[in-house]
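The block underneath contains the structure these notes are about, expressed in structure tokens.
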Amino acid sequence: MTNVLIEDLKWRGLIYQQTDEQGIEDLLNKEQVTLYCGADPTADSLHIGHLLPFLTLRRFQEHGHRPIVLIGGGTGMIGDPSGKSEERVLQTEEQVDKNIEGISKQMHNIFEFGTDHGAVLVNNRDWLGQISLISFLRDYGKHVGVNYMLGKDSIQSRLEHGISYTEFTYTILQAIDFGHLNRELNCKIQVGGSDQWGNITSGIELMRRMYGQTDAYGLTIPLVTKSDGKKFGKSESGAVWLDAEKTSPYEFYQFWINQSDEDVIKFLKYFTFLGKEEIDRLEQSKNEAPHLREAQKTLAEEVTKFIHGEDALNDAIRISQALFSGDLKSLSAKELKDGFKDVPQVTLSNDTTNIVEVLIETGISPSKRQAREDVNNGAIYINGERQQDVNYALAPEDKIDGEFTIIRRGKKKYFMVNYQ
């Protein structure tokens with residue numbers, strides 16, 4: 001019998017590799033399955049590049065299975081070589097603990113806790129930290145062949161430039177994790193990104209060697225790619241974080257709404273919980289009326305609401321509409337800073353107040369003649385209000401919070417003027 005969840009994952013394009021396709025399907029049809037996905041606390045927030053494996057784990061929870069969310073307080077002290085061309089910088093224990101705290105809060109936004117199939121949050125330092133060096137070498141290292149490890153892509157790719165013994169042992173530590181969760185919490189499936197295949201299969205192999213035949217499986221999801229070849233998960237400002245202090249909900253919303261027609265349907269399948277019928281309808285809308293950008297708006301709304309909540313989504317939409325219409329007066333200083341984070345930043349002396357001189361000194365207009373023309377022609381806006389008086393002097397109330405002024409030239413060229 002085909003499993004409904006597996007069918008949905010296949011339709012969404014979320015299955016990259018499985019250790020035993022039929023075995024996983026039979027298991028899901030037979031029982032409520034406990035499965036896990038992990039992340040090392042390399043920062044105090046996840047970014048959207050981390051999101052897909054955990055959203056996939058959440059889909060299992062939606063179908064009645066129990067997710068374990070593992071935060072690598074132990075492995076995070078070591079560093080995963082997978083997908084990295086050079087050695088990671090080791091973090092202090094204090095920094096790792098701070099990162100764990102931040103990521104744990106975000107997991108409570110992604111998963112349901114406290115139900116009969118509620119998520120379980122674990123930290124692998126709790127068991128890895130109890131293993132002595134002698135025990136590590138005798139009880140675990142004895143079962144892992146060096147040739148086997150050298151065959152792993154994550155190791156092979158680093159051999160030419162060098163890899164420390166610290167990172168070389170990482171895959172064994174992750175293998176121990178899967179074995180521990182399998183024995184202690186009856187965890188039978190590990191979910192991860194495609195770069196985790198080697199670590200996942202190492203865990204299954206270690207269990208087989210230590211315990212004999214073991215009911216354990218692995219499933220990986222594809223690397224998220226964009227049609228233009230650019231790296232997914234980056235905006236002009238850098239990584240798109242789940243932490244609202246690092247990436248505001250407005251910036252988060254804008255990232256999703258700006259996805260291309262070529263990518264938006266794939267991302268609706270990947271990152272939202274909308275069903276096939278609704279996504280098919282949005283695909284039809286994209287094909288027949290692409291100018292409406294209904295698919296992009298839906299993607300932005302669904303993901304922003306899921307991560308940040310309905311109030312934050314409404315604020316993001318309000319800011320977007322105000323910036324689009326030029327109604328800047330309705331926004332707070334923080335909202336304006338968020339909204340204009342990526343526009344050119346120019347610095348102005350507090351002594352310069354005449355509008356023409358302001359335009360010249362900041363380089364907004366290329367010459368005095370052009371500056372006067374811009375003002376006379378109604379092309380200059382101060383904080384959203386048109387200014388056509390060439391003798392106008394910037395007043396204290398034009399300085400938002402006494403810090404900056406937003407000047408627009410023409411229809412779309414915005415500048416943030418900061419004072420010194």
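Every residue, even glycine, has its Cβ placed from backbone N, Cα and C.
Straight from Swiss-Prot, the features:
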BINDING   Tyr36, Tyr170, Gln174  L-tyrosine binding site
MOTIF     41-50  motif ''HIGH' region'
MOTIF     231-235  motif ''KMSKS' region'
BINDING   Lys234  ATP binding site
DOMAIN    353-420  domain 'S4 RNA-binding'
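Sequence-distant neighbours of Tyr36 (L-tyrosine binding site) (same chain, 6+ residues apart, CB-CB distance under 8 A): Leu57, Pro67, Ile68, Val69, Leu70, Phe178, Leu181, Cys187, Ile189, Gln190, Val191. Binding residues for L-tyrosine (Tyr36, Tyr170, Gln174) extend across at most 18 Å, taking the greatest CA-CA distance. Same-chain residues lying 6+ beyond the ends of the motif ''HIGH' region' (41-50) with a Cβ under 8 Å from its Cβ atoms: 71-73, 76, 88, 91, 96, 98-103, 106, 224, 232-233, 239-243, 246-247, 255. Under the DSSP three-state reduction, Gln174 (L-tyrosine binding site) is assigned to helix. Across the domain 'S4 RNA-binding' (353-420), the DSSP tally of helix, strand and coil residues reads 19 helix, 21 strand, 28 coil.
In three-state terms derived from DSSP, Tyr36 (L-tyrosine binding site) belongs to an extended strand segment.
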